[in-house]
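Please read the structure below before turning to the comments.
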There are 4 protein chains.
Amino acid sequence: MRYLTAGESHNKGLVAILEGIPAGVSIDENYINFELSLRQGGYGRGDRMKIEKDRVEIISGVRMGYSIGSPISLFIPNNDWQNYKDKYHQQGLEYYTPRPGHGDLPGVLKYNFTECRNVLERASARETAVRVAVGSICQQFLSIFNIKVYSYVLSIGPVKIPPKADDYTKIYQSQFYTLDKDRDEELIELVDRVKRDGDSLGGVVETVIEGLPPGLGNYIQHDLKLDGLLAGEIMAVPSVKGVEFGLGFSGTSLLGSQFHDPIVLKDGVKRLKNNAGGIEGGMSNGEKIVIRSAIKPIPTLLKGMDTINLKNKEKSSTDYQRSDVTVVPAASVVIKNVVAFVIAQQFHLKFGGDHLNDTLKSYNNYLKRIEEIFYG
Amino acid sequence: MRYLTAGESHNKGLVAILEGIPAGVSIDENYINFELSLRQGGYGRGDRMKIEKDRVEIISGVRMGYSIGSPISLFIPNNDWQNYKDKYHQQGLEYYTPRPGHGDLPGVLKYNFTECRNVLERASARETAVRVAVGSICQQFLSIFNIKVYSYVLSIGPVKIPPKADDYTKIYQSQFYTLDKDRDEELIELVDRVKRDGDSLGGVVETVIEGLPPGLGNYIQHDLKLDGLLAGEIMAVPSVKGVEFGLGFSGTSLLGSQFHDPIVLKDGVKRLKNNAGGIEGGMSNGEKIVIRSAIKPIPTLLKGMDTINLKNKEKSSTDYQRSDVTVVPAASVVIKNVVAFVIAQQFHLKFGGDHLNDTLKSYNNYLKRIEEIFYG
Amino acid sequence: MRYLTAGESHNKGLVAILEGIPAGVSIDENYINFELSLRQGGYGRGDRMKIEKDRVEIISGVRMGYSIGSPISLFIPNNDWQNYKDKYHQQGLEYYTPRPGHGDLPGVLKYNFTECRNVLERASARETAVRVAVGSICQQFLSIFNIKVYSYVLSIGPVKIPPKADDYTKIYQSQFYTLDKDRDEELIELVDRVKRDGDSLGGVVETVIEGLPPGLGNYIQHDLKLDGLLAGEIMAVPSVKGVEFGLGFSGTSLLGSQFHDPIVLKDGVKRLKNNAGGIEGGMSNGEKIVIRSAIKPIPTLLKGMDTINLKNKEKSSTDYQRSDVTVVPAASVVIKNVVAFVIAQQFHLKFGGDHLNDTLKSYNNYLKRIEEIFYG
Amino acid sequence: MRYLTAGESHNKGLVAILEGIPAGVSIDENYINFELSLRQGGYGRGDRMKIEKDRVEIISGVRMGYSIGSPISLFIPNNDWQNYKDKYHQQGLEYYTPRPGHGDLPGVLKYNFTECRNVLERASARETAVRVAVGSICQQFLSIFNIKVYSYVLSIGPVKIPPKADDYTKIYQSQFYTLDKDRDEELIELVDRVKRDGDSLGGVVETVIEGLPPGLGNYIQHDLKLDGLLAGEIMAVPSVKGVEFGLGFSGTSLLGSQFHDPIVLKDGVKRLKNNAGGIEGGMSNGEKIVIRSAIKPIPTLLKGMDTINLKNKEKSSTDYQRSDVTVVPAASVVIKNVVAFVIAQQFHLKFGGDHLNDTLKSYNNYLKRIEEIFYG
């Protein structure tokens with residue numbers, strides 16, 4: 001399973017090709033659009049989100065509602081294109097003041113541009129919309145095996161929102177995609193205040209994978225470890241500056257005897273705690289996989305930041321670009337979906353199958369094989 | 001540039017094939033062996049480290065001291081092999097009590113084994129020796145371009161050792177590979193105490209890449225981002241449970257205006273701080289790349305942990321396996337070297353060249369091209 | 001450099017994402033469309049070719065006429081979609097009689113389909129249109145370095161058309177894309193006769209790459225050899241059943257002293273003949289690369305072929321599907337373009353560069369380096 | 001499944017890492033050595049073959065005779081190393097006269113060498129020994145599923161040896177690995193005569209894969225087609241200049257109705273002939289896969305060839321290097337084994353499984369699923 005994306009922020013739209021979903025998987029376009037709307041939602045998004053009501057167009061690979069094994073290609077039009085189609089291929093969109101925190105400056109140097117337009121068009125987090133679409137197809141594949149991926153917000157700026165209960169059905173009852181909607185007002189107040197100051201906020205996202213059997217990923221080679229693959233794909237999401245599994249950094253100050261999760265018998269093999277975050281030896285161990293991702297405050301600030309002007313090499317300030325106060329809720333949706341891709345890919349690598357029925361049989365054989373030891 | 005490794009912990013030895021180092025790079029076997037000795041050193045290692053004085057054998061790809069463009073293959077004999085050669089391919093080495101924190105249990109399930117021997121042989125951190133050898137060749141390639149990778153320990157268990165000064169030449173003056181050797185005694189005391197308790201310690205490692213030009217890595221595709229590639233490769237090192245760049249998790253509570261690093265003119269384009277950790281938009285931005293990795297306490301405990309016995313499916317305790325109290329110093333060496341691989345790979349991807357001179361010319365052309373804007 | 005395609009034959013259209021073209025390459029949409037029209041042209045095509053006047057839409061990656069380094073995504077609408085949009089996602093297009101020579105039967109078995117529709121939609125040579133578009137962008141990249149790829153027809157069925165002269169500008173003066181348009185009438189007569197018989201014709205295509213420097217490809221690993229990469233990509237073109245370089249099969253009966261091409265001095269290093277077809281040791285050797293591809297007669301026959309009916313498992317005959325008598329001219333265009341992709345990929349792998357200027361400098365450095373020995 | 005090789009011709013030996021063989025496969029070292037001896041055998045080999053009695057050393061990945069899922073690393077010592085160990089890393093082995101037909105000249109230019117030694121060390125067909133070892137492990141994996149790969153010689157120079165009967169057990173009764181040992185004397189006479197003349201011979205090899213189910217490979221993407229993958233890997237074998245499936249080039253002059261293989265019912269679905277060579281739509285179709293490869297006469301001639309001297313850029317002649325008259329029998333063994341790798345890789349991609357039992361169940365499920373339609 002592999003995918004590539006293409007498309008720029010103010011050009012026609014975003015494209016993805018996702019290859020390797022077996023035939024026979026029911027693909028619900030509404031679900032993709034629902035996930036796209038989640039990415040656009042969340043409190044604290046800027047005006048652009050109102051312009052775009054992203055809707056996916058499935059160009060190929062799905063027929064009469066089912067995957068057919070052929071590459072699934074997706075198109076998400078940029079609704080803004082109507083405003084840009086006469087300008088996009090013209091001079092006039094030059095952007096000379098590279099924004100700290102964005103790829104503007106290294107991108108201009110790398111690609112020998114004289115200004116940032118071409119960089120910001122592609123490096124923009126806009127592109128994550130189509131990664132969400134890809135991942136939401138992977139989610140539909142995984143859900144057949146009762147594997148679910150959830151992401152929710154653990155903090156916005158300095159405000160921590162510990163999960164009230166592990167009821168993941170409640171995530172989207174919160175405007176911040178937290179597991180405690182009762183604290184939304186506090187966060188609204190925070191965001192509004194920061195918005196007035198022309199500033200921005202980061203936060204922490206937690207992602208949980210439920211229902212994964214033990215043995216996905218592999219310990220045999222550096223580039224096959226499940227945690228490595230997940231970390232690589234998550235860190236490739238714009239604004240992510242850190243990834244940790246289980247206790248992560250906080251576990252480094254514990255003793256081994258405190259950290260590790262004893263193996264006990266209790267209707268099969270269980271763990272009484274999950275400090276490892278569901279991964280041992282680069283493999284899923286049958287517990288929930290728990291990942292936390294650090295999202296930096298977005299770099300496009302209403303109040304501007306010190307920078308240089310590439311045209312005259314003088315001190316300058318970043319121009320205001322229409323933007324958001326915080327993308328932590330949106331990032332939680334993106335991370336959920338890139339995680340879904342990695343899990344679907346590794347799942348299919350292990351179980352094979354060109355049609356869903358083949359994969360199902362192979363999967364069920366595996367569950368039966370490990371049943372005696374593992375499921376008790 | 002790519003590499004694969006092979007080899008088990010008590011079998012003959014470890015093998016690696018590293019492909020893509022251009023011809024003409026001076027390869028010093030002593031440097032590889034020095035890095036191998038660093039991995040084996042550090043206070044708190046177990047007895048096994050005394051058995052093995054790892055020394056690399058370069059089987060191919062280097063001639064008269066220089067790379068010849070052909071795949072470099074490496075062999076590191078397991079010195080323990082003398083003790084195991086009559087036992088390794090016999091019954092008698094069965095290990096029935098999967099150790100929490102290791103890949104033992106998921107590995108046994110995945111591969112349909114009845115006991116853990118085959119898993120622990122390959123999933124063992126022993127394999128990282130040959131990753132160190134691979135990376136230390138990459139270091140030699142990078143050093144031609146004045147690109148250096150350093151790793152040092154920031155904490156062992158609950159004890160934090162902030163760098164006293166950024167003088168990376170002093171790392172190995174500390175027995176714990178910290179940047180403050182004056183605190184070694186405190187750490188020795190800690191490790192000795194934990195050892196008496198039969199327990200283990202984790203910690204945090206910081207890695208710095210110096211001398212990298214802006215523009216390595218790429219924003220154009222999910223699997224080309226420099227931070228994603230680094231995080232993926234680091235998280236694939238055994239015991240690593242978290243990776244962060246720059247401020248990482250701690251930066252999530254800052255405001256955007258505090259977090260981001262203004263771009264200023266000062267003998268070229270500079271940043272006054274480096275909260276981003278040297279990566280913006282999935283590319284190096286010309287500042288130091290700063291990465292922190294969370295190392296969990298090692299799971300093999302002298303005092304044992306609760307587990308099951310796979311033979312009779314009864315409650316049991318892990319057997320004592322000869323092991324270490326902490327591998328944080330060793331992990332710092334491994335991380336340095338896998339980072340060196342990723343950087344060398346991305347460097348060569350950008351600049352190309354079959355012989356070092358080609359790469360050098362291409363690199364110097366690039367430096368000249370960005371000089372006016374960047375180096376001022 | 002890599003690409004993926006998607007899209008089915010009677011669905012909305014074809015999609016491709018091509019990644020790795022450096023920034024700064026002038027991309028002429030007209031040239032892509034010209035190549036697309038060549039693929040659709042050539043004498044002996046069926047009616048479908050008249051329905052579709054393929055025109056590419058560049059969705060991303062090109063701005064103001066130049067590549068910007070970002071993935072180039074392409075869309076070629078299926079003009080037939082207007083006739084199918086109400087039927088495509090409905091029952092009624094079932095195709096129960098697998099056609100010998102097509103992927104129908106193995107595809108149905110592989111993917112657990114009950115009839116051939118989903119297979120023929122994707123396995124159709126229709127998909128090669130977008131490979132042509134991808135390759136014609138690669139051609140534009142290569143032509144900056146004076147590297148040109150040509151393909152022409154050497155035979156149609158039993159009729160051989162040896163090149164009259166190596167004037168590749170004349171290829172498309174022949175309706176059969178041969179190098180001897182004077183023999184078009186003879187071929188027209190052949191094709192018309194075979195058409196009346198409801199049968200089809202194959203042929204042989206020759207491809208020439210001019211202007212390639214020595215040293216592309218690599219001898220160091222099985223999957224890096226230039227001939228292997230070219231053969232793999234060409235054999236993946238529908239209807240190709242054989243690929244050979246230089247003398248190919250006919251050279252197997254010669255003596256070594258007859259076969260091999262002596263190295264002589266004559267304004268640099270030259271060969272007096274080119275039996276090797278420009279590749280030695282898996283690398284370009286500086287001579288023209290010469291490849292011949294065997295194109296089987298197309299399997300969709302007006303007069304039908306014996307097959308089975310998948311519904312009732314009874315003897316049957318293939319239905320008539322609108323089709324062509326011969327696709328040899330079209331195949332020559334497809335092969336030219338997939339070859340252009342491989343060459344562009346290997347070229348960029350060797351010389352690197354994010355902007356065309358970087359690649360050019362690196363390339364010129366190489367030419368200068370080998371000048372003394374090679375160019376004399 | 002993937003593999004890399006390393007090692008030079010007169011250095012210590014050859015190394016390979018083969019990854020992806022599931023656990024539980026019985027690996028017989030004798031079988032590997034038998035295949036290695038076949039590669040070294042065949043009439044017409046030079047003296048070097050007598051020096052080296054290649055024997056593989058399995059360094060890892062196999063325990064108590066079975067694969068354990070971990071990477072299998074192999075070492076084949078160069079027996080010649082004893083004669084070279086004092087010379088290999090010294091001046092004195094310079095080779096200034098690039099041999100036409102070898103990679104010498106393009107290799108020297110590519111890698112900026114002043115003479116050919118480093119190139120010929122790695123580009124030598126010596127490296128194919130370890131590819132044979134890799135493939136012979138794959139053969140053992142495939143044979144569990146009753147999939148067999150055979151290669152035999154169809155011609156040596158101008159002498160064609162059509163198979164007398166398709167009894168593949170008789171291949172190695174012929175000193176030339178043909179299917180008609182009665183004609184060995186005629187070939188011996190030919191080879192002896194050519195040897196006296198200081199010349200060399202090529203030939204054609206046919207490879208047959210038996211027992212493959214339909215549906216391996218894929219039509220959905222250019223780089224997944226079974227014929228493309230096979231052709232790419234075969235063309236990467238030194239001396240191969242052409243590859244064709246089924247009728248190949250000779251089929252291009254037939255009519256479609258003559259070429260294609262009608263689908264008939266006869267104890268399941270059968271073909272009455274196999275002009276397609278067992279591949280349709282880039283997939284196995286359940287018939288034998290039949291491949292022919294063109295092997296050029298080896299370029300190292302006792303009588304020398306015109307070339308230049310790189311030191312003084314004057315006309316010269318190639319030095320005599322100990323060599324063979326023909327490698328066609330040896331090439332047949334190499335091709336068999338690289339084919340076995342591709343088939344094993346594609347087989348495992350389709351059926352998955354970490355332990356052989358998983359793969360077997362998945363495979364049997366597939367056979368059962370297609371039974372009604374295919375096996376009758």
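Each residue, glycine too, has its Cβ placed from N, Cα and C.
Straight from TrEMBL, the features:
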{"type": "BINDING", "residues": "B:Arg39, B:Arg45", "note": "NADP(+) binding site"}
{"type": "BINDING", "residues": "B:Arg122, B:Ala123, B:Ser124, B:Gly281, B:Lys296, B:Pro297, B:Ile298, B:Pro299, B:Thr300, B:Arg322", "note": "FMN binding site"}
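Feature annotations (TrEMBL) mapped to structure.
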residue  : record               : Cβ contacts under 8 Å, 6 or more apart
B:Arg39  : NADP(+) binding site : B:Asp54, B:Thr128, B:Ala129, B:Val132, B:Ala330, B:Val333, B:Val334
B:Arg45  : NADP(+) binding site : B:Asp324, B:Val325, B:Val327, B:Ala330
B:Arg122 : FMN binding site     : B:Gly7, B:Glu8, B:Ser9
B:Ser124 : FMN binding site     : B:Glu8, B:Ser9, B:Pro238
B:Lys296 : FMN binding site     : B:Gly101, B:Gly202, B:Ser239, B:Val240, B:Lys241
- Query: Looking at the binding-site residues B:Ser124, B:Lys296, B:Ile298, which ones have a CB within reach of chain A, meaning under 8 Å Cβ to CB?
  - Reply: B:Lys296, B:Ile298
- binding-site residues B:Arg122, B:Ser124, B:Lys296, B:Ile298: which sit with Cβ under 8 Å of a chain D Cβ? B:Arg122
- Item | Lowest local Cβ density among B:Ile298, B:Thr300, which the record lists as binding-site residues, within 10 Å | B:Thr300
- Three-state secondary structure, which DSSP defines for B:Ile298 (FMN binding site): coil
